[in-house]
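Following: one structure in structure tokens, then a few remarks.
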Amino acid sequence: MDDSLGTTYGAMLIGVLFATFFQGVLTLQAYIYYESFPKDSTGLKILVASVWVVDVAHLVLICQSCYHYLIRSWGNSAALQVSTQELDLHLVFVGLASALCQGFFLTRIWTFSQKNWVLTCVLSAACLTTFALEAVMSAQISRVPNVKEFNSFTGEVVATLGLSAGAVDVAIAAILVWYLQQGKTAFDRTSFVVARVVQYTVATGLATSLLAVACLIVYLATPNTFIFIALHFSLGRMYTNALLATLNSRRNLRKVLDNSGTVGPHTGTSFLGGLQTTNIIATGDQNPPSQLLRKDM
């Protein structure tokens, strides 16, 4: 381990502080969601509650780890070298939060692709593989008694973050953008909504991918520090905040359609939420009434 406290436990403390900040943002977004969309499906409400609970549990784990190193074991050099169970387990919660959010976006792909089970299954397998890698890495790290050996998991880290950033997130965002672009119509308001949804999709996919890539680069560049761990603390919350931001964006987008006339089947509103509504694409109706689309908003 690097002898500098600033790049080890200092970095961990900063990572916990950032994770706490993002947890506050997530809590605010969850409050806004439940206040703004009381008629959303029960499944969607449970999803929002689930990702919030997972992130709270993760925050408890990393706070306990930070307390163990900086307060309880401070001055005990032997204890500072031992990895805690909470620090090992936090990987599972990051993977679970990521998988839940990716699962939501996969349901949108399932809808827009007219139930293309091959495409959906391939992406689902990639998401599950990422979660499995997080769980396996957590189990392997738990058997390592010394934090100095964290840098021995290069293969697992590269596989996990590379698959997450390079394959899953980018693929999901690209596929959603492609389907949304196919749904553009000649109506100004509809085209505007599609453009905005495309922007949200690209932004959320890019944000999670960039952070995962940053974690990977930092791990490879500075393997003897905790900077990688500090960044990884917030990776799961990047997914959950992206999910809530996507759902809450309906507040503004639905105003655009309030005075619109007939809109096309792929305005992108069903991508943003409204799981309780009729599946427009599955019905094969190429000219659904505008009121049906507004239910998704």
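Cβ coordinates are placed from backbone N, Cα and C, and glycine is handled just like the others.
Annotation source TrEMBL lists domain 'DUF6534' at 167-251.
With a threshold of 8 Å between CB atoms, the same-chain residues lying at least 6 positions outside the transmembrane segment (12-34) that come near it are 45, 48-49, 51-52, 55-56, 58-59, 62-63, 65-66, 69-70, 226, 229-234, 237-238, 240-241, 244-245, 247-248. Marked as transmembrane segment by TrEMBL: 12-34 (among others).
For 46-70 (among others), the entry in TrEMBL reads transmembrane segment.
The annotation transmembrane segment is assigned in TrEMBL to 117-137 (among others).
Annotation comment: TrEMBL describes 157-180 (among others) as transmembrane segment.
Taken from TrEMBL, the feature transmembrane segment covers 200-220 (among others).
Residues or ranges marked as transmembrane segment in TrEMBL: 226-247 (among others). Nonlocal intrachain contacts for the transmembrane segment (226-247), taken as residues 6+ away from its ends with a CB within less than 8 angstroms of a stretch CB, comprise 7-9, 11-12, 14-16, 18-19, 22-23, 25-26, 29-30, 33, 37, 44, 47-48, 51-52, 54-55, 58, 62, 87, 90-91, 93-98, 100-102, 104, 150, 157, 200-201, 203-204, 207-208, 211-212, 214-215, 218-219, 272-273.
Residues in the domain 'DUF6534' (167-251) partition by DSSP class (helix H, G, I; strand E, B; coil) as 72 helix, 0 strand, 13 coil.
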